[in-house]
Amino acid sequence: MEATWGGYKELVWLLLDYGASTDVQDDRGRSALRFAMQKGYDSIAWLLLEKSAALNMADTKGRTALHWTAQNSNTSMAWLLLEKGAEIDAQDIEGHTALHFAVQRGNTEMIKLLLGKHANVTLKDAQGYAALHHAVERKDASIMNLIVDTLERSRLDVNAKDNEGKTALVRAVQGQWMLGVYILTDRKAAIDLPDCNGQTAASHAKLNGDTQILQLLEQR
């Protein structure tokens with residue numbers, strides 16, 4: 001693992017050639033493949049994968065190599081892991097998937113790869129956030145449209161609620177993101193679903209004193 005952490009490709013190759021295990025983990029559950037993905041050492045990752053390194057081994061945070069490629073926006077290595085059979089929907093201890101991390105990072109190329117490989121867009125993290133909630137939190141219209149397109153093609157619900165009972169639309173209203181509200185209502189998001197406190201999207205717009213968003217909601 002130390003050789004991988006230091007980026008010493010020749011040493012890693014030599015150790016593997018002498019029979020070193022690819023899947024030893026340290027006290028934080030970190031393997032050589034996990035280090036290679038975290039540090040962006042693609043050539044070392046190739047070596048490890050050629051020696052059949054475990055694809056879905058998780059560290060103590062529950063994160064696999066695929067999680068780390070998504071966090072580091074390394075789309076080419078994510079593709080390789082998926083081609084090798086990595087679990088696309090693995091969740092860490094906070095419920096995050098690779099798709100969640102890709103959305104949080106705003107990496108459209110990674111998101112397209114994961115969606116193209118049929119990542120589950122409905123999985124929620126510990127806060128109850130699905131990928132659509134994360135897109136709204138980032139206020140990224142292009143990513144939000146990618147996710148909504150996927151939901152619609154699969155006939156899935158754009159009105160999923162988080163742990164506070166808030167839909168993506170309510171979160172967009174709370175964040176005073178006019179474009180997000182426009183897109184979501186245009187894509188038939190329900191405007192009258194109450195959260196856990198009984199507040200609807202319009203209620204939150206009134207609380208914010210946001211007359212433009214309130215007017216938009218009333219026109220829908």
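Numbering starts at 1 and runs along the chain as displayed.
The backbone N, Cα and C atoms fix where each Cβ goes, glycine too.
Per TrEMBL, repeat 'ANK' is recorded for 28-60, 61-93, 94-126, 127-163.
Beyond the ends of the repeat 'ANK' (127-163), by six or more residues, the same chain brings 95, 97, 99-100, 103-104, 106, 108, 111-112, 115, 121, 169, 171-172, 175, 177, 179-180, 183-184, 187-190, 193, 195 to within a C-beta distance below 8 angstroms of the stretch.
Averaged across the repeat 'ANK' (127-163), pLDDT in this predicted model comes to 96.
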